[in-house]
Amino acid sequence: METPPEMPSTDGHTRAIVTERYVVESKKSAAHVPLACSTQHCAFPLDGSRLCVWSSKDPSHQLLTLQGHHQLITAVVFGNQIDPLLLCSASEDYIIMWNVAECREKTLKGLTPRGTILGSLLQTVLCLRFSLDDRAIAVCAGNKISVMDVEKQSVLVELKGHQGSVTAVEFCPWQAHTLISVSEDRSFKVWDFCVGSLIYSSSILTAYPLLNLLINEENQQLVTGSADGQLWIFSLMEGHHYHCVAHVDVRKKRETFTTRRMMAEQCSLPEDHQCRCRHEADKRGEAEATFPILSLAPCDLCLPDSQRGAFASECTKCLWIGSSTALFILNLASFELEAALHFKEFQSLSVQVAGSCAMVSEPMSAKAFCMLSSMFGSKIAVLEIDLAALLSTQQYPRAGKVLSVLASSCVLPTSPLYFGIIKEKFPKLANTKQHAVKSVVEDRPLVFHTKVRSSGYTLAPHMAMFSPKTNIKHHNKRSSKYKNNYKCKECSLENFLPRNLSRQVAVAQKPVAVSCLQFSGDGQKLACGLGNHLSLVFNASLSGPPAAFSGHDGAVSTICWSHDKRWLLSTGRDRTLRVWSVHRTELMLLLAPDAFPKPVTSAQFYYMDTFILLSSGPEFCLLKYHIDLCRDDIRRYKPKSRYKPIFRLPMTSGADITSLSAVNDFYSHIVLTAGRDRAVEVFDLNAGCSAAVLAEVHSRPVHRICQNKGSSFVAQHSLAYNLFLTAAVGDGIRLWDLRNLRLMCMKWAPAAFCTVLQDTQIRLLKWPSTQQLLSLSQPP
């Protein structure tokens, strides 16, 4: 028995991430010995049949050794109650219950502590689990689950139904009569142990045995892990029918976590060092062995608050994942890794490859304890992990200020946005007046008279002099011209989601796909692009005939309103971009297919209608445009509007852009782009360069980015504008925060495309409230 000194982290920080608090070597192999951890104690078998209890609160206490088993101990578990703290151990001969406090008192008095024998079995017990009140205990032996009464020391019920050995079992916290088990038959079952009946049986989840089980009480979810490093999260809410919420591959999540950190480091370095970092990233991205899920434990991760130098008041619900070579912290809201601790990075650890693992962390605590047994040796070690030090090393490096959608500084003279401001700051009044006179003459219809008379032969019409109206009656009513048909109503926060179909309109006589749609800024118009080359504009109430815009030779793929609601932008599969006049329903600006080398995938108005922002191939382009309102009635077919490319920038990876987004309702310097390499890149057009890269945002390329662009009817916190959504085929919808480039939440939707409405369903997803999102600490 030895207790080595504290070991500093390998990254050069003076604050130790991992401290090996206790090490013991057993006479028997410690490859798969059962381990148990509580908030104050750690229990493990020593030399096969001796049960040892180590105090994590006061390591100076003598190691408590409990003897009573004659065979190898195969299962150990602590009770859920603190006073008294119960400990149960099982072997092939006995199942013994121990009172930890009484056993320690007897040891201090020189007496031999004795436990209570609950029963004797001839089969190997693989799992033990107490109920919440410690009055019952579930014993898993073979494919059978026995629920025993602790006080009466009798078997209450036996549950049979698994085809393989039961590996883990849990009591449901909010349903006292419900018990859930997983087995080597690769399925989980839900039982009512009061009546001894089976409630639900899942299908086979994987080709590998299920090893662990955890119930998240706050979200009412079931988490189970397999031997090949896969996690399944199922909903236990009433009416959800145990549907799968998420499927997590720990190995892929670890690769994504590592790639994002290295991409962030690459963006923060000078350009001459980026090639070397990319080469190192390719070398580190080699495939490794899978991570078997040895243990699962809850973790209330309090993110560091840079302003206070402590922990934030709000904690993120996470999950400890113990594997053979590493420990991981998984965010249960976003299903992304918050931290990864690899044993090989700490060479002085006694256990480098674990055969068994157990973890525990107290709520609102900065420390966690982990217990490991050596796979290829006989050592058992207790590690103390400093969460604050671990998280500080796991943060993405960032060079410069924190990103924000709201512009926090003036436009730089070197910015491409500076061009548009200069041109509009000093308008030429003389030219404006001439255009106005010219438009009055040219906009008149052309009329051919049958009789032409010379001037002077007819009398001029009498002009009516101005006479003010003095008999106007005011009825405290607004003119019908300015009458607002949409009355403001106070919406209930509890029932604000629409649930019933209000109105349905057919956009065409034949079935046609609605490929895109967008409301105008005031919410009174709805534009949609169709697969039959048309663009339609409806009233928000879908009443009356729509305005039709025809001109594309292919399906309309993008449609966008201008901020002043005068113009409508559309792109189609004919590789053209068109700007329409909403009032005239006429084409005002045309970008031919040969304007760009590759098709335009996304386009929108930008910077309060000053520019047109579009993507073509691997780069996005900023266009300065001018709409000529002076139209010759004879040459109506020939638009005189013009455009000029002023700035373009490619993605860092060189991948083609699949979607882009920027705010047009107010001045913002941020542009978001998504590429076919499954990455999202953030560009700062004030600096004219890339600001950040989010690697492997989805398992498939992102086909849609949606930002919080504000509303004229709802007041929001300024930080709420930094939230944006991404969607990918078959990979759900994810909510991100631009301030720290973190995934905040993830939802799964059945529709393939969130903007295609043919043969799909519209699902309203509930996200975390604004207060919950704003309560998260800002990045340093």
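Don't overthink the numbers, they just go from 1 along the chain as shown.
Glycine residues also receive a Cβ, built from the backbone N, Cα and C atoms like all the rest.
Annotation comment: Swiss-Prot describes 3-56 as repeat 'WD 1'. Per Swiss-Prot, repeat 'WD 2' is recorded for 61-100. If you look up Swiss-Prot, you'll see 111-150 marked as repeat 'WD 3'. Swiss-Prot lists 154-193 with the feature repeat 'WD 4'. If you look up Swiss-Prot, you'll see 200-236 marked as repeat 'WD 5'. The repeat 'WD 6' annotation in Swiss-Prot covers 291-335. Residues or ranges marked as repeat 'WD 7' by Swiss-Prot: 342-385. Residues or ranges marked as repeat 'WD 8' in Swiss-Prot: 500-540. Per Swiss-Prot, repeat 'WD 9' is recorded for 544-582. Annotation comment: Swiss-Prot describes 588-639 as repeat 'WD 10'. Sequence annotations record features per position, and here Swiss-Prot assigns repeat 'WD 11' to 644-685. What Swiss-Prot lists as repeat 'WD 12' is 691-738.
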What average pLDDT is reported by the model for the repeat 'WD 6' (291-335)?
78
Let me spell it out: take the repeat 'WD 8' (500-540), skip the flanking residues so only those 6+ beyond its ends count, and list any with a Cβ under 8 Å from a Cβ in it.
486, 546-561, 563, 565, 568, 570, 572, 580, 582, 665, 712-713, 755-758
Mind checking which residues reach the repeat 'WD 9' (544-582)? Cβ under 8 Å, same chain, six or more beyond either end.
507, 513, 515-522, 525, 527-538, 588-593, 595, 599-605, 608-609, 612, 614, 625, 627, 641, 664-665
Which sequence-distant residues neighbour the repeat 'WD 4' (154-193)? Criterion: at least 6 residues beyond either end, Cβ under 8 Å.
119, 126-127, 129-132, 136, 138, 140-148, 199-215, 217, 220, 222, 224, 226, 234, 236, 242
Per DSSP, what is the residue tally for the repeat 'WD 9' (544-582) in helix, strand and coil?
0 helix, 21 strand, 18 coil
